[in-house]
Structures are given as structure tokens and as C-alpha cells.
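Heads up: the structure comes next, in C-alpha cells.
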Amino acid sequence: MSSESSSQHLPDEEALAALGASVILSYGVWIAAIVMIWDIVIHMADDVELLFLPRRSRPPTVVYFLSRFFFLVYSFLLIAGDATNYKPPTTLLASVTILIALVFTQFQFFLRVRVIYCEDSRLKTGFFAALWVIASGCVCLTVAFYGHTAVHPVDFSYWVPILAILVHDTCVFLAISYKIYKLSLVLVCTNPQFNPPGVTVESSGGPGGVRPSLIQSLKARALALAGRELPSFTRAILHDGQFYYLISLASGVVTLSVMLNTSLPYTDRLLLVPIHTVLVNVTTGYVFREVKLGRMRERELTLVFQQSKAGETLPLHSIVHHHVEEERDPS
């Protein structure tokens with residue numbers, strides 16, 4: 001009799017647990033939607049300014065606005081899905097929308113790394129293009145299996161897209177960081193203004209026409225890593241753009257770890273997914289706006305690379321000096 005009564009209470013306990021998990025998941029849904037809407041509202045003036053950029057900037061700007069638009073639609077679908085308990089067609093629409101939004105967001109990563117590596121061989125840019133295609137293909141799993149895995153987030157159709165995005169973003173982050181470091185090292189070696197005290201360089205045909213000794217090279221590398229004496233535009237890219245990319249990477253690691261944690265209930269493993277996807281778009285959009293509107297000095301970095309590609313002889317330190325003078329005298 002007691003076993004029969006306990007079995008009668010079992011469905012109620014399961015329903016209560018499912019309800020509690022659904023409430024927790026709804027918190028993540030509403031947080032993601034509010035963050036996305038808030039980010040669009042506070043940066044509306046910047047978005048309007050982007051509309052008046054020169055024509056050469058329009059294709060990346062179109063990609064930016066498309067990613068923002070589809071993420072905004074996704075945010076509203078999250079709210080609508082929370083009210084309808086994620087029943088079709090809301091679930092399918094949300095899956096398709098987040099697919100398009102993530103593909104455009106990842107494409108912004110590719111556009112930035114292509115600009116940074118504009119002077120390198122096509123093989124390198126082709127590698128990142130292939131990486132973007134693979135990541136986009138993995139994101140398609142969210143649509144292909146949306147109807148079969150709605151309550152089983154441990155299925156590969158859930159965690160593989162997050163993993164693919166994380167791998168793609170990590171490769172882009174490391175590639176840009178390496179390029180910035182190499183440029184910083186060249187600037188340190190070629191410009192006495194940024195050399196450590198007592199360090200001189202010998203003109204021996206190394207980077208920028210110099211080849212320092214072993215001790216000088218180690219000091220220059222340490223200085224380039226520390227970044228304290230680097231020109232302000234390099235420091236801005238390293239501390240601003242890369243910092244925000246690093247935030248999205250950390251969010252991806254935490255989200256993937258939670259999704260693969262089998263000790264958590266199914267619905268709890270999805271808690272961070274909407275927050276993470278929105279955070280990736282917010283951080284990527286921030287970097288794009290800052291670069292396009294000239295607040296991050298990627299223009300000077302690109303100029304150095306383009307001059308190197310064209311074989312021009314303008315010294316690197318003169319570019320830095322010109323940029324520093326612009327900062328001192330904004331007029």
C-alpha cells in the first residue's frame with residue numbers, strides 16, 4: 001500500500017522538479033533578452049553613425065546589422081518561447097534565427113582577422129575562412145535536430161555548435177594576439193623611443209632593418225609582452241578589442257563545461273546557452289563599432305601591414321610618432 005502511494009506521488013515530484021528547472025531556465029532566457037535589447041538601445045547613436053560610413057565599409061557594416069537584427073529577433077522569440085513553453089513553431093523559428101545570427105557574428109571575427117593578416121599569404125586567410133565554414137556548419141545542427149533533442153541538451157546537436165564556436169573564436173583570438181605581439185616587437189626593436197633604457201639595436205638586416213643581440217632581443221620581447229612602453233594604438237587593441245574577445249572565450253568555456261556536466265539536470269545545462277550566445281554578439285559588436293568609428297586604432301595597425309606588403313620604406317616609428325602627435329593635438 002505504501003509503495004502504491006509513493007508511486008502515485010512520484011509523477012507529482014517529477015513535475016515539480018521540472019517546473020523548478022523551467023523557472024531557472026526562464027531566468028537565463030529573460031536575462032539574455034534584456035541584455036540584447038539594452039545593448040541595442042544604448043548603442044543606437046553609434047549604429048546610426050555607422051550608416052554614414054564610406055562605401056568601402058558597407059559590406060562589413062551590413063554583416064554587423066544583420067547579426068544584430070537576428071539576435072534581436074531571437075531575443076523576442078526567447079521571450080515568446082518562455083511564455084508558450086517552447087512549442088513549435090516557436091522553437092524552430094528560434095533555432096533558425098540563432099543559426100543566422102551566429103553565422104553572421106562569426107563572420108565578423110573572420111573579417112577582422114582577414115584585415116589583420118591582409119599582407120600574408122592567401123593560405124592563412126583561407127584557413128580562417130574554412131574554419132568559419134566549419135563552425136557555421138556545426139551551428140546548423142541546432143536546426144537539424146531541434147525537434148528531437150528539445151529535452152536532452154547533452155546531445156551532440158547542442159554542445160557541438162558551442163564547441164565549434166569556441167574553437168573558431170579561440171583561433172581568431174590567438175592569431176590576432178600573435179600578430180599584435182609581432183608588430184609590438186618590431187616597434188620596440190626599431191624605435192629608440194620605445195626601447196628599454198640602455199638597449200641599443202644594431203643595423204643588421206633584421207625586422208625593420210635591425211637585428212638585436214640575444215640579450216637585447218630578450219629585453220625587447222619582455223617589453224613587448226609587458227606593453228607598458230608600447231604605442232597607445234597597439235595597447236588599445238590589446239587591452240580593448242582582445243579583452244572583449246577574451247570575455248566571450250571565457251563565457252564559452254564556462255557554458256560548455258556546464259552543458260557537459262552530467263551531475264546537473266537536463267534543463268540546468270542549458271541555462272547559460274542563451275546568455276553566452278548573446279554575450280558573443282554583444283562583445284563582437286562592441287569591437288566592430290569601436291574599430292569602425294576610429295576609437296580603436298586598428299587603422300594605424302592596418303597601415304603598417306599594408307606598407308609592409310607594398311614594400312614601402314616609411315619607418316614604423318614615424319607612423320607611431322604621427323599617431324602620437326594626433327593624440328596630443330586633436331585639432
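Every residue, even glycine, has its Cβ placed from backbone N, Cα and C.
A TrEMBL annotation is a machine prediction, not a hand-curated record.
Worth saying up front: this structure is predicted, and the values here are computed from it rather than measured.
The annotation transmembrane segment is assigned in TrEMBL to 15-41, 62-80, 92-113, 125-146, 158-178, 243-264, 270-288.
With a cut-off of 8 Å on Cβ pairs spaced 6 or more residues apart, the transmembrane segment (62-80) and the transmembrane segment (270-288) reach 3 or more such pairs and are scored as touching. Same-chain residues lying 6+ beyond the ends of the transmembrane segment (158-178) with a Cβ under 8 Å from its Cβ atoms: 102, 106, 109-110, 112-113, 116-117, 128, 131-132, 134-135, 137-139, 141-142, 149, 152, 238, 241-242, 245-246, 248-249, 252-253, 255-256, 259-260, 270, 273, 276, 280.
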